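Asks: Sharing the feature lines straight out of TrEMBL:
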| type | residues | note |
| --- | --- | --- |
| DOMAIN | 42-439 | domain 'Oligosaccharyl transferase STT3 N-terminal' |
| DOMAIN | 553-610 | domain 'STT3/PglB/AglB core' |
| REGION | 462-481 | region 'Disordered' |
| TRANSMEM | 38-58 | transmembrane segment |
| TRANSMEM | 105-125 | transmembrane segment |
| TRANSMEM | 137-157 | transmembrane segment |
| TRANSMEM | 163-180 | transmembrane segment |
| TRANSMEM | 192-208 | transmembrane segment |
| TRANSMEM | 214-247 | transmembrane segment |
| TRANSMEM | 259-278 | transmembrane segment |
| TRANSMEM | 290-308 | transmembrane segment |
| TRANSMEM | 320-341 | transmembrane segment |
| TRANSMEM | 379-401 | transmembrane segment |
| TRANSMEM | 408-425 | transmembrane segment |
Amino acid sequence: MSTMSAVKPSAGPEPYVSHASLFETAKRYLTKTKSQELLLRSIILIFVYLLAFCIRLFSVLRYESVIHEFDPYFNYRSTINLVQDGFYEFWNWFDAESWHPLGRVVGGTVYPGLMFTAAILYKVSKFLTACIKLRDICVFTAPFFAGNTALIAYLFGKELKDMETGLVAAVLMAVVPGYISRSVAGSFDNEAVAIFALVTTFYLWVRAVNQGTIASAVLAAFAYLYMAASWGAYVFISNLIPLYVIIMFVSGRYSRRIYVAYTTFWAVGSLLAMQVRFIGFNHVTSNELLSFNGVFVGLQVWEALVFLRTKLGTKQFGQLLYLTAVAAGAVGAAGTAILVLSGKLNPWTGRFWTLLDPTYAKKFIPIVASVSEHQPTTWASYIFDLHVLVFAAPAGLYFCFKRPTDGTIFLTVFALTAIYFSGIMVRLMLVAAPAFVLLSAIAISSILQSASKELRAPAAAETKTSPVATRRGRGSTSNEENITTKKSTNLIILGLTFLAMWSYSSHSIWVTSEAYSSPSIVLISGWGPHRVVLDDFREAYYWLRHNTAPDAKVMSWWDYGYQITAMGNRTVIVDNNTWNNTHIATVGRAMASNETEAYKIMRQLDVDYALVIFGGLSGYSSDDINKFLWMVRIGGGVFPVIKESDYLANGDYTVSSRGTQTMLNSLMYKLSYYDFGNIMTEHGKGTGYDRVRNYEIGKKDIQLDHLYEAFTSEHWIVRIYRVKDLENRF
């Protein structure tokens, strides 16, 4: 017993206990160069993210936390439905409050990525017990994803060239005005998350090509799913990547890495994109994705031929190649003919043709041409939205051509196509902005690296004199002059680059503050002590909500449909979805007709109220009178009885005394200028002086027979009229 008690169990190794303080550990860690670089890079990226987020908050600070523009109100209303009723109810939601009496199947006619993103963010915040309203989640979604896009730009630039290029790309992306225009706080539109998805897809695609692995291509396919679920511009990705593959094939740079990346991306990406109800089998049958599917088939045929070439002789392979080409041509032609004749192959849409022919929409689809963001881009818009990037991007192209890689070739293809499409449609400046940013980042980082490298060169290496110059007795002086000149040149280059970046950042802040942070729902007139807030839109929509029957139907031009439904909670005849051109043309015909004919149309559409936007008193230029010719053109495109020439006085569009009788008797003219002839708007001018058109109206004593004025907002911007019931015939 005593022997057993004397034996002590062997103790294990004592655990390591560090006696160094936290400060000493941090000091030892930061003395390493790589650690210092990592810390500095992390701090820069954190500040870049905060910059991207904070620069987009001018609208909230200057106005309030409010949704902007028109389309975002439908997205906000849809997000509310998704959060309250759940996924399946949203997927099968039939909206009876829009497009009366047709209605709209929302789940099958919408890209749900934005709504799902906001709903998930709201659920996460609720799980974390953060009391954030759903409206505020929607308002700040765009700035949140703008910061994410800047971080992806860093990874993209790093993948294309190096870490320094990534940092420059992140800074430029954070404040580029072309992207800020659709990502300020309150811009709850598809582009708020779609540009993030676009840049992420392209980054992961380049990464997949560089690595040639299935895993990286699958990640790119999931990013493509997010893009396809968020915005119709996923078609741009579906055509750009095949174009890149074709260029790589023709230029002799095709490799097995590209085959693995594209085959995986096509297979997984197609299956995922087809889960979006709005896309479905269109991803296979649509003409717009013909290149996406055709290149996949072509790659499989090519790889099969390469394999068979190793197994067959030269003669046999030549015969097989000939038979394969003939068979492929015959099968392709027959298959295309069958699909076209059977109606299975969907035709190209009007918007697609517009991108190929800028005049197509104006000739054949006036409703597309009537949208301001579908107009061609001017040179001033490029300078306004890109500033110095317009000049830095060509330098980036030079560096890409100087040392081409698989990544820089893709960036070149992306940039050239994006520049072309952005010139056709100003909205696509959004797509061109990341390309300009990445090209400029390559140029700026290359210039800074070259200049700083020469400045850091050892003095001993610079002061070497040539033997010839020494024999002539002026070697030392000549070398010193060369060194001084080189240093001065590099310092000037660094100074000019810093000046350009300072100018770029100042311009971006000014543009964001003054041009892109004004919500259309709230207007401001004047500055400083003379500043006046015009809140007529919300005033009118709240009047509709509280002073009309719940089942009342409101007829207005399609621009205001989403806002009326979301804020006024009333059924509209047409809205911003613009899926039914005939229905919109019917409203345009009613607005362009005289009151009696318009009354018949409104009775057929079961209209209770007519709403018009008028700026003659307040000076608001985006009113319905300025849009009226588009109503005439769209209405006349379906109903030949409406002719644009009837509304023009010798080719001039005017509402003055020179205006035509058809114009002065139209419903739009009457609803806009009713009782306006008794108002004096300018000192020294007569009554009925229109402050937008800058002349007195032609007809002041307007009488209404089938409608009466129900509401006019404080500044006369929104005017609502009640449609009279049919008279009792007994």
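Using the three backbone atoms N, Cα and C, a Cβ is placed for every residue, glycine included.
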Asks: For the transmembrane segment (137-157) and the transmembrane segment (38-58), decide whether they are in contact, meaning at least 3 CB pairs lie under 8 A, counting pairs 6 or more apart in sequence.
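Replies: Between the transmembrane segment (38-58) and the transmembrane segment (137-157), which are separate recorded stretches, there is contact, as judged by 3 or more close Cβ pairs.
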Asks: Return yes if the transmembrane segment (105-125) and the transmembrane segment (379-401) have at least 3 CB pairs under 8 Å (sequence gap of 6 or more), otherwise no.
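Replies: The answer is no, given that the two segments have fewer than 3 Cβ pairs within the 8 Å cut-off.
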Asks: Is the count of Cβ pairs under 8 Å between the transmembrane segment (163-180) and the transmembrane segment (290-308), pairs 6 or more apart in sequence, 3 or more?
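Replies: Between the transmembrane segment (290-308) and the transmembrane segment (163-180), which are separate recorded stretches, there is no contact, as judged by 3 or more close Cβ pairs.
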Asks: Which of 214-247, 290-308, 320-341 shares the most C-beta pairs under 8 angstroms with the transmembrane segment (259-278)?
Replies: 214-247
Asks: If I take every residue in the domain 'STT3/PglB/AglB core' (553-610) and average their pLDDT values, what number comes out?
Replies: 94
Asks: With DSSP helix as H/G/I and strand as E/B, how many residues of the domain 'STT3/PglB/AglB core' (553-610) fall in helix, strand and coil?
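Replies: Its residues fall into 33 helix, 8 strand, 17 coil.
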